[in-house]
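Shown next, in structure tokens, is the structure this report addresses.
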Amino acid sequence: MRLPVLGKDTVRMRDPEGLQDKITRIQRGGQEKLQIISDFDMTLSRFSRNGERCPTCYNIIDNSNIISDEGRKKLKCLFDIYYPLEIDPKKSIEEKYPLMVEWWSKAHDLFYEQRIQKDRLAQVVKESQATLRDGYDLFFNSLYQREIPLFIFSAGIGDVLEEIIRQAGVFHPNTKVVSNYMDFDDNGILTGFKGDLIHTYNKNSSVLKDTEYFKEISHRTNILLLGDTLGDLTMADGVSTVENIIKIGFLNDKVEELTEQFLQSYDIVLLRDETLDVVNGILQFVTAKN
């Protein structure tokens, strides 16, 4: 039986029959064996609304009044240089890797110069255009109610990401976030970022020093992985035993050029789909009691 939600016109599948087999196997395993691993920016959050681009965690800071006009220009200049390289279909991940380190490092240096205050972040998020994808409440709340762990692995800013989810009223105890977290001094002024830099193309076990999380849930060998770049495909590398994994890719930009590449790697590719309908549909099916 094919799930009706997979008939949506935004859905592309590499191997519909193989996918259905995986869905059935995950359903048989039950919710006790399931975990979710997801990217945040442009995966759980929207890419656009009414034709306007929605901001990433970094954009929220870049575009806010806690950054000077001069700082904003410099950050925009970095975006204009590096974003096209990040999504360039002709460049390999190996070529993109050092470029992403450059971009993130330069952006962080600009942030330090701005002496960002911790107590202003909540207001900055509130005033931003950041929006979670339609269906986010069902997604976060049903995972919490069913005690299914949600691991968010983000190259964004952890403090901002958490605030977005908190302000939406869906930040629950089953959610664990690994991201770039800001480090503040005793006066609440940004002095740096904690731990290793996480960027688009190193979201793998190399930055997951704290794998205690995956050890604790090692019995959860079925995974739904959600991402929006080819760099997100390695997010489950920290899981020691994987029985079944369904990879769902949100293809938001350069759709025509990247569809084929995405289909080689993701089981399901969602073309310009600003909802979590497909994810929620699969979750409802695999966690149904009968």
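Cβ coordinates are placed from backbone N, Cα and C, and glycine is handled just like the others.
These features come from Swiss-Prot:
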- Asp39, Asp41, Asp228: Mg(2+) binding site (BINDING)
- Asp39: active site, nucleophile (ACT_SITE)
- Asp41: active site, proton donor (ACT_SITE)
- Glu86: CMP binding site (BINDING)
- Glu86: N(7)-methyl-GMP binding site (BINDING)
- Ser154, Ala155, Lys203: substrate binding site (BINDING)
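Mapped onto three states, the DSSP output places Glu86 (CMP binding site) in helix. Residue annotation for substrate gives Ser154, Ala155, Lys203. The furthest Cα pair among them is separated by 8 Å. Counting only same-chain residues at least 6 apart in sequence, those with a Cβ under 8 Å from the Cβ of Lys203 (substrate binding site) are Asp39, Phe153, Ala155, Gly231, Asp232, Thr234, Met235. Counting other Cβ atoms within 10 Å of each Cβ, the lowest count among the binding-site residues Asp39, Asp41, Glu86, Asp228 belongs to Glu86. A C-beta separation below 8 Å, combined with a sequence spacing of at least six in one chain, links Ser154 (substrate binding site) to Asp39, Phe40, Asp41, Cys57, Leu161, Val177, Val178, Ser179, Asn180, Ile198.
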